[in-house]
Amino acid sequence: MVSVDLLLTTNEWNSKVIVILSDSIDCDSSDPIVRKRSEEILKRDVSWAGHLQCSGYTMIKLRHGNNLNLARVMLQKIKGVILVQVPLYNAAVAQALWRRDLSEENVLDLNRQDAWQWWNRFRCAADFDIKLRVVLEFNEIEEPNLDIVHRWLGEPIEAVVIPSTMFTRDCQNNPSLSEAWQKILLHFLQLNVNIILATAAGANNANFKLHSDYLRNFRDVHKDAQRLQDSDDILKTQSSPLYGNFDCRAHEIFEKKSMKYEFYQNAIAAALIDRVSDQEIDDKLTVIMILGAGKGSLVQSALNAAEYTKRKVRVYIIEKTHNAIRTLAAMTEKFWSTKDVRLFSSDMLEGSPPEKADILVSELSGSFKDHELFLERLDYAQHFLKPDGISMPSQSISYVNPIMSFKLFNDVRQIVHKRNFAPDRQGDYHSHSETGLAAPSKGIYNIGIPQPLFTFLHPSRDAFIDSSLYKILNFSVKMDCVLTGVCGYLEITLYGDIVIRSVNSCTHTHCLPSWLHTYFPLTNPLEMKRGQIIEMHFWRRATKTKIWHEWCLASPFTTRIYKSANNSYSICCT
């Protein structure tokens, strides 16, 4: 007889096989004999799994919330990724919650039996280990409400398990999921999770193929239209335009979607129509000034707007990046030679164009605006604008909200974990926890709806502008969860009712992948209970030399004050 470990190569065991541990063990049994025997079986199975694969996937199924001893044994032995299988929700609890005869104590006890609580208790005991992933098993009795689904989206979901018994037959006798479960599955497909089809032993192979074909086709048909590229699916330190020259790829990231420039084009067109009447088309010239043109998308938007409205324009380009100047010069010669386009190689803080602008256009705004020194540079650029001139954007509002996202939390931890020779790893993690990071918008549970933080008008007509601001926000916790950080977003009004919002799952403008949100991580995750109020304090601090943020929680826990001035996230003004 050939030993099973010889049937596949080591690489195949690691990449193509999931080792499933016995689900009949109970390492947390109240019976000491059962508990000890379960530990022995688990250690034996884990040892064999480690022999077959050194860095593969091992899956264990949770059947209740009492799993602390199980977590202890598992974490001591497993080498690779631990897949923890839990039901999407505890059907028995969901049904019992409809009863009116339950006391408050009964409800609290039921909440502790929530399937998410099983998982949360297990991973807390495992100290939020990076190698822990979730495998969600769909329940076939009834579908959960969206609050339950949304909370799971903030967890490190590796796969979903769909029992074959959940399928029904359509009018052509083909397998299908109900419409309600299709919508739930779509939420998880946005996270690019794997799908596991579960069927009983000895099931009809033909039915299995039909079910798997249906799921494969469903996944292909509903591919996320906003799926981020691989380079956008990781945390990034946010860039500042004040230092260095963006390379060609950086500019392509900022300009790779046309929808943002359609918004700008529409805003410029609306402003041109408002400033120049039909009777003045032939005589009145509008000066448009572009602050930071990159690869020329904003310039083309302005020229398109002029052509569409049949207004005469002169476009000034103020660009400081030397390499971008070469690109813009070539485009001016090749594409805009018949247009009134004038290029200035200068920083807006130093340049002095020969005339002032009727319309001042900038896209310095980003995911939270301050990482681009948005406010200070736009305020300084006001001397380019005529007294009755129009600024685009005309208003900017930053938003924040508390979130649970273990994908983002683990990404920060992995950055630190990879620095094997760091003399002070904890200090290094503190540095990252005080850094605003550009992050993808997926894998997030919004604990509260984003609330407005700071609002600025452009141009500001005030003689003195105090850009050091402070605000307190309160968020109500709807479900038990774990707070891992704060997200920052930006909403800018270009002109009139033309608004662009940074990417977030509550309200956003589609197809703006260069506007990832800003993630402010907490050093340690904090468990939140339903009904608690999160009191968040946020400061925007500014001096003559730099700008930074400070933030903390005051309730239900008081955290230290995070200060981005302590690390590279602070933005120098000179």
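Positions of Cβ are set from backbone N, Cα and C atoms, glycine also.
From a predicted model like this one, the values you see are computed outputs, not experimental measurements.
What TrEMBL says about this one:
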- 5-220: domain 'PRMT5 TIM barrel' (DOMAIN)
- 229-391: domain 'PRMT5 arginine-N-methyltransferase' (DOMAIN)
- LYS260, TYR261, GLU319, ASP347, MET348: S-adenosyl-L-methionine binding site (BINDING)
- 396-562: domain 'PRMT5 oligomerisation' (DOMAIN)
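What TrEMBL annotates, mapped onto the structure for a quick look.
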residue	record	Cβ within 10 Å
LYS260	S-adenosyl-L-methionine binding site	22
TYR261	S-adenosyl-L-methionine binding site	17
GLU319	S-adenosyl-L-methionine binding site	25
ASP347	S-adenosyl-L-methionine binding site	16
MET348	S-adenosyl-L-methionine binding site	23
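Of the residues the record lists as binding S-adenosyl-L-methionine, namely LYS260, TYR261, GLU319, ASP347, MET348, the two whose Cα atoms sit farthest apart are 24 Å from each other.
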